Amino acid sequence: MDFMQILEILISSAIFMAAPLIFTSIGGVFSERSGVINIGLEGLMVIGAFISIVFNLAFVDSLGGATPWVALLVAMAVGGLLSLIHAVASISLRADQTVSGVAFNLLALGLALFLVKKLYGKGQTDMIQERFLRTDIPVLSDIPIIGRLFFSNVYYTSFIALGVAVLAWFILFKTPFGLRLRSVGEHPMAADTMGINVSQMRYIAVMISGMLGGLGGAVYAQTVTLDFSHSTITGQGFMALAAMIFGKWHPLGAFGAALFFGFAQSLSVVGTSIPFLEDVPSVYLLIAPYVLTILALTGFIGRADAPKASGIPYVKGNR
Amino acid sequence: MANRLRGLIIPVISVLLGLIAGAIIMLISDYDPIAGYAALWDGIFGEIFYIGETVRQATPYIFAGLAVAFAFRTGLFNIGVEGQLIVGWLAAVWVGISFEDLPKFIHLPLAVLAAAAAGALWAFVPGFLKAKFRVHEVIVSIMMNYVALHTTNYLIRNVLAEEGDSTEKIFPSASLRSEMFEQITDYSRMHWGILIAFVAAFIMWFLLEKTSKGYELRSVGFNHHASQYAGMNVNNNIILSMVISGAFAGLGGAMEGLGTFEYASLKSAFTGVGFDGIAVALLGANSALGVVLAAFLFGGLKMGALNMPNADVPNELVDIVIALIIFFVASSYMIQWVYRRFKKGVK
C-alpha cells in the first residue's frame with residue numbers, strides 16, 4: 001500500500017465519520033452559546049436516527065431516491081420539536097440543565113426503542129433500501145491529488161456539514177440575531193435590560209440544537225448503521241459534545257474538532273491495516289478524542305472557557 | 001414549603017406523575033395499562049425469586065446513588081459514576097482472579113477495597129482538575145467514562161482474558177455469593193453486597209451529618225468563598241469529596257464483579273447503572289435513607305419491566321417512566337408553583 005492510498009482511505013473515512021459529529025456539535029454550540037447546557041445531544045441523535053430510519057422504511061416506495069433527503073428534513077423537524085422538552089424543563093421550569101439533559105437521553109432511547117417494538121414487533125428495524133451513496137463530486141474530483149483525496153468517493157452530506165458550519169459562524173458572529181444569542185449566554189441580565197427576550201432567545205437556540213442534533217443522528221443512521229436498534233447511537237452525541245468544547249464553543253472550531261475526532265476514529269478502525277500504525281494498540285486512538293478534550297479544558301492546548309451564563313437559569317430580577 | 005415536607009412530597013408526586021404518564025403512553029399506543037402495570041407488579045413481587053433479584057438489582061443502584069448524592073451534597077455533579085463503576089468492577093475481578101490461596105477474610109476485603117480505590121482514582125482526575133484548574137467536573141467525568149470503557153475493554157481483551165470476551169470466574173474466596181440468600185430467595189443471584197450497601201449508606205450519613213469533615217465538605221459545596229474565608233482548604237475538600245464519591249461508585253462495580261456476575265466481560269456500551277444513579281440520588285433527595293429507598297424503587301422497576309412483555313408491553317416503557325420521573329423531580333419548581341397557587345386559593 002503506498003502512501004497516497006493510505007492517505008486516501010484515512011481522509012475519506014475521517015470525513016465520513018465526522019459529518020454527523022459536525023452537525024451535532026454545531027447544534028451544541030448554539031445551545032450553549034445561549035446559556036443552556038445540552039447534554040441531551042446524544043438523545044437528539046437517537047431521535048434523529050430513529051425518525052429517519054422509520055420514515056425511510058415507510059416512504060421509500062413513494063419517494064424513491066429522494067427518501068434519505070426527505071428523511072433528513074423530517075428528523076430535523078422532530079428533533080427540534082422534542083428538544084422543547086429540554087427547553088421547557090431547563091428554561092421555564094428552571095431544572096438543573098445537566099440533569100434535564102441526562103433525563104432527555106434516557107427518555108429518547110426509551111421512547112425510540114418502545115416505538116420500534118410497537119411498530120415492528122421486534123428490537124430493531126429492517127435495513128433501509130435507499131441510503132446515501134458515495135459519489136464523485138463533478139469537476140472538483142478531477143483536480144489532481146486534492147480531487148482524489150477530498151472530492152472522490154465521498155458523501156454529499158459531508159459538504160453540507162461544511163456549509164452548515166460556515167453558515168452557523170456567519171449567523172452567530174455576523175448577524176444581530178447571533179449577537180443577541182451570544183449576549184444571552186454571557187450576561188442575560190444585561191441582555192434583558194437592552195430589551196432582548198432572554199427566554200425566547202434560549203428557546204430558539206435549544207430548538208436549533210435539536211434540529212441539528214436530529215440531523216446528525218439521521219445522517220449517521222443513513223450512512224453508517226442503516227437500521228435502528230439500541231446500539232445505533234452509542235456515544236456519538238457525547239463525542240459531539242467533546243468536539244464542541246475542543247472547538248472552544250465556536251462553529252468552525254467545532255467543525256475542525258469533529259474532523260479531527262473523525263480522523264482519530266478512522267485511525268482506530270483502519271489503523272490495523274496501515275504499516276506503521278499496526279503496532280499501536282487501538283485503545284490509544286479510541287480514547288484520544290476524550291483525553292484531548294480533557295487536556296483542552298485544562299489549558300494545555302489553549303484554554304477553553306464556556307459561555308459565562310451557561311448552566312444558570314435566568315430568573316428576572318435576581319442579581 | 002417546609003424542607004422536610006418537600007423532601008417527601010416532591011419525590012412521591014414525581015413517581016406518581018411518571019407512572020400516570022406511563023399509563024397514558026400505554027393507552028395512546030394501544031396497550032392495556034392495567035395489564036402492563038399488573039405484569040410489572042408481578043415481576044417485582046410475584047415470586048420470591050423476583051424479590052431476590054430486585055434486591056440484587058438495587059444493590060449497585062444504592063452505591064451509584066450514594067456516589068451521585070455525596071457529590072451533590074458537596075456541590076459537585078459526578079456524572080462519571082458510570083466510568084468509576086466500570087473500573088471498580090474490573091479492579092475487583094482482577095484481584096478476584098489473581099490470588100488463589102488467600103483466605104476469604106483477606107481476599108474478599110482486598111477485592112472490595114481494590115474496587116473502591118480504582119473508583120476513587122478515576123474520580124480523582126476530575127476532582128483534581130476542578131480544584132487546580134477550575135475545569136468543570138461534568139465534562140471531564142463524561143470524558144473519563146469513555147476512557148474507562150475503552151481502557152477496561154482493552155485490558156480484558158489483551159491482559160485478563162486468555163481467549164473469548166470475558167475473564168475467568170473469580171475464586172470463591174473473593175466472591176460475595178451467599179448460599180443463605182440464594183436459598184431463601186429460590187436461587188436468585190442476591191448476594192451479601194446488600195449488607196455492605198446498607199453499611200455504606202450509614203457511613204455516608206454519618207460522615208456528612210456527624211463529623212466536622214462532613215460539615216466542611218458540605219460548607220465548601222454551599223459557598224466556597226465563605227468556606228475559604230473561614231479557613232477551610234477548599235481545593236483539598238473538592239478533591240476529597242470527588243474521591244469519596246468515586247469510591248462509592250467503585251464499590252458499586254465490586255457488587256457486579258464479585259456478587260452478580262463473578263467475572264468481567266467486554267462491554268459494547270455502558271451498563272447504565274451509573275446514569276440511573278443520578279435518578280436514584282435525585283429521587284432520594286440526596287439523603288442516605290432516600291437513596292436506599294429510591295434504589296429499591298428503581299431496582300424493582302427495572303426487574304419488573306422484564307415481566308412486562310408477558311402483557312405484550314415493551315419493557316422500555318419503564319425506561320420512559322424513569323426518565324419522566326427525573327424530569328419531574330428536576331422541574332420541581334413546577335410542583336412548588338402549583339402548591340403555592342393551591343395554598344393561596346385555600347386562604
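Residue numbers in this text run from 1 along the chain shown.
Heads up, the Cβ atoms here are built off N, Cα and C, so glycines get one too.
The transmembrane segment feature in TrEMBL is assigned to B:7-28, B:79-99, B:105-125, B:190-208, B:238-261, B:273-300, B:320-339.
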Who are the long-range neighbours of the transmembrane segment (B:79-99) in its own chain, taking Cβ under 8 Å and residues 6 or more past its ends?
60, 63-64, 67-68, 107, 110-112, 114-123, 126, 137-138, 140-142, 144-149, 151-152, 155-156, 160, 167-171, 173-175, 245-246, 249-254, 256-258, 262-264, 267, 270-275, 277-278
Top Cβ-contact partner of the transmembrane segment (B:320-339) among B:7-28, B:238-261, B:273-300 (pairs under 8 Å):
B:7-28
Which bits of the chain, at least 6 residues beyond where the transmembrane segment (B:105-125) starts or stops, bring a Cβ under 8 A of a Cβ in it?
67, 78, 80, 83-85, 87-96, 99, 140-141, 144, 148, 170-171, 173-176, 196, 239, 242-254, 257-258
Please indicate, using numbers and ranges, the residues of the same chain that are 6 or more beyond the transmembrane segment (B:238-261) and have a C-beta under 8 Å from a C-beta there.
56, 59-64, 66-68, 70-71, 74, 76, 78, 80-81, 84-93, 96, 108, 111-112, 114-124, 126-128, 130-131, 137, 170, 174-177, 189, 191-193, 196-197, 200, 204, 207, 213, 217, 220-221, 224, 271, 273-274, 277
